[in-house]
Amino acid sequence: MSQSASTPATPITAKIVAEHGLTEAEYAKVLAIMGREPNLVELGIFSVMWSEHCSYKSSKKWLKTLPTTAPWVIQGPGENAGVIDIGDGLTAIFKMESHNHPSYIEPYQGAATGVGGILRDVFTMGARPVANLNALRFGDPSDPRTRHLISGVVAGIGGYGNCVGVPTVGGEVNFHASFNGNNLVNAMTVGVARADRIFYSAAAGIGNSVVYVGSKTGRDGIHGATMASAEFSEDSEEKRPTVQVGDPFTEKLLIEACLELMNTDAIVAIQDMGAAGLTSSCFEMASKGGMGVDLALDRVPMREEGMTPYELMLSESQERMLMVLKPGKEDMARALFEKWELDFAIIGTLTDSGRMVLTWHGEVVGDLPIDPLAAASPEYDRPWEPTPMAAAADLSGAEDTPWSEALLRLIGCPDVASRRWIWEQYDHLVMGNTLQRPGGDAAVIRLDEAPGKGLAMTTDCTPRYVHADPVEGGKQAVAEAWRNLTAVGARPLAITDNMNFGNPEKPRIMGQFVGACQGISEACLALDFPVVSGNVSLYNETNGQAILPTPTIGGVGVLDNVEASVSIALKAAGEAILVAGGFHGSTGAWLGQSLFLREILGREEGAPPPVDLAAERKVGDFVRGLILGASVTACHDLSDGGLLVALAEMAMAGDLGAELTLEGHPDNGRLFGEDQGRYLLTVAEGDRDAVVAAAEAAGVPLRVVGTTGGDALVVNGFVGPSVAALRKVHEEWLPTYMAG
């Protein structure tokens, strides 16, 4: 070991340790592991590898409780992305990941590099990306920063995804004051690969070359992982240098070059450089394979002059990959990457030492054991307290607003208003396989690799539900994803989760995380809908104010006959409208935590609607059978805003009115209640009796509630808003707001 590593040039003071995000106890553990004081390079490596962002030290105890297996799961959590068997020798490979903290500081680049990073996670596994989705949460529209953040984030997502040539096909957007200081940007990519051509990240083969490919390394993103592991304060704007800068054109070249190399037998292991850059990719690959690595940092392609080993190890420059190649394949691989005008450098060798030895022009500048920084990194069992049960919602005044007025207000409120202004900035049709565009329950794409087969995908979470009851909210997020896939006729197969929460050092916040994990686990088990990948983003707080807990669920399902899928749009006049699924209570009206309660009565209170998972599955399986049997002409799950908002969305999508005929007085609870596990269906009048009989035989609640036709919504003879009036209100809020 050289003098530079054993006697640090920079004395490691308590201040420097704190600046690196390590606690006193963690630094004491570093000293015990190293048997000496680390130098600055080594301290920086411990800092990022033990950060919450990389180590999951507060969350992994609970993530281990999630169900991750099923006969169709090929690879669950622990790799770059999850892999599921979709039949015909094909797999779907997918993951969702957050880029929350960078997107608040520098919205365009933060969101753009979030897309770039999740694309790399998927094509690293050997898949060609076929679809992107995003789940976005912004602050109150009245907050002065919200408009700026929406503009930058949407432009960043579109700018990157459009240039790479992968369609952005769906997602969701919510607004709430709790996100004023921490917006959420959760990006999801789905790819398709042959089942016999999947690539993994475990390094193997003593003496094999460790190869760097892609863009050169600059100073952008240094300590990005550490920044994403701390609360924000008033000076967070000063963290702009820690936001990475993306180049989608280079990413496109990198995708094509990697996929071309994957058609040879050259690759032993491959890993993208994401959070913590070269450090994380090296340590993870070596740890998974039980290897050591000798790394010559002076061989790393550099974008800027005078870069130091510390900067090279911690940079989060984008569009970079690390590979282990088979002996003798280096020259062929170099020629391939040079053809694509990408950097290629052999920067290291695999060893059997179990250590990471870093050199700079032949001098050792770092020597660390691998496992304590990766597989054996810290794991905390943080104190947590359950969320108190919410008091019953005050429903006084619920009948004071006529349903027609309430509907117009809800259909134009920020959480329901059309997202057209957003998704029209995304190329959702590139590749030519998008069957259902944004705006429905789930996106549907055809697969070139298997004519007739399709994939459906969705993102879902209702943060206000999770805040009121994390267990029920976690269940509901999974159930709604399952329901949205079912509503287009897909067979739900698996999920990826993106767990966005506040400071886990606070027992109340940690309790939200634990509760959500419990709810997600219950729902996944009941619905045969395992977790195959995911991401955790904690410390989403500013000045001590936490976000609403947001465990976003990305769901993927398969359609063996993609032409059998249905959309939400009403198709023809004279068809029967039916509701599948029952109400929770005898009144048939769950208004606790509903949009109606918040937007019309101005109250956020009560418990969220409970989820009956057995009923959810029974009703969903029945509805899917109807769709695949060609009995259903349109289908929409009932969620935000309940029955009447769902019907209005179907009417606008099909440019056709509808009339509801309900038993008794149609009170606002029945019209806008958010009872779970329900679908709104239309069937041809000639099929109505057969469908009702089939439901009765299956023991599934199903009620005929109306008929399609006309140019307005009518309830029990009372003529409400026209479809044109609904569309005007629905479409105008977001463009008007963004015009400022």
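Each residue, glycine too, has its Cβ placed from N, Cα and C.
Taken from Swiss-Prot, the feature active site applies to His53, supported by sequence analysis. Mapped onto three states, the DSSP output places His53 (active site) in helix.
Here Swiss-Prot flags Tyr56, Lys95, Asp497, Gly534 as ATP binding site, drawing on sequence analysis. For Gly534 (ATP binding site), the same-chain residues lying six or more positions away in sequence with a CB closer than 8 A to its CB are Leu63, Pro77, Lys95, Met96, Thr496, Asp497, Asn498, Met499.
Positions annotated as Mg(2+) 1 binding site by Swiss-Prot: Glu97, Asn535. The secondary structure of Asn535 (Mg(2+) 1 binding site), as reduced to three states from DSSP, is extended strand.
Proximity of His99 (active site, proton acceptor) to non-local residues of its own chain (separation of 6 or more, Cβ distance below 8 Å) is seen for Gly110, Ala111, Thr113, Gly114, Gly117, Val185, Ala187, given in sequence order. Marked as substrate binding site by Swiss-Prot: Ser98, His99, Asn100, His101, Arg120, Gln244, Glu316, Ser317, Gln318, Ser537.
Positions annotated as active site, proton acceptor by Swiss-Prot: His99. According to DSSP, His99 (active site, proton acceptor) sits in a coil region rather than a helix or strand.
DSSP assigns Asp272 (Mg(2+) 2 binding site) to a strand. For Asp272 (Mg(2+) 2 binding site), the same-chain residues 6+ apart in sequence whose C-beta sits under 8 angstroms from its C-beta are Asn80, Gly117, Arg120, Asp121, Thr124, Ser281, Arg320, Met321, Leu322. The Mg(2+) 2 binding site annotation in Swiss-Prot covers Asp121, Asp272.
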Residue with minimal Cβ packing [other Cβ atoms within 10 Å] among the binding-site residues Ser98, Gln318, Asn535: Asn535
Where Asp497 (ATP binding site) sits in the secondary structure, as DSSP reduces it to three classes: strand
Farthest-apart CA atoms of Tyr56, Lys95, Asp497, Gly534, residues recorded for ATP, distance in Å: 17
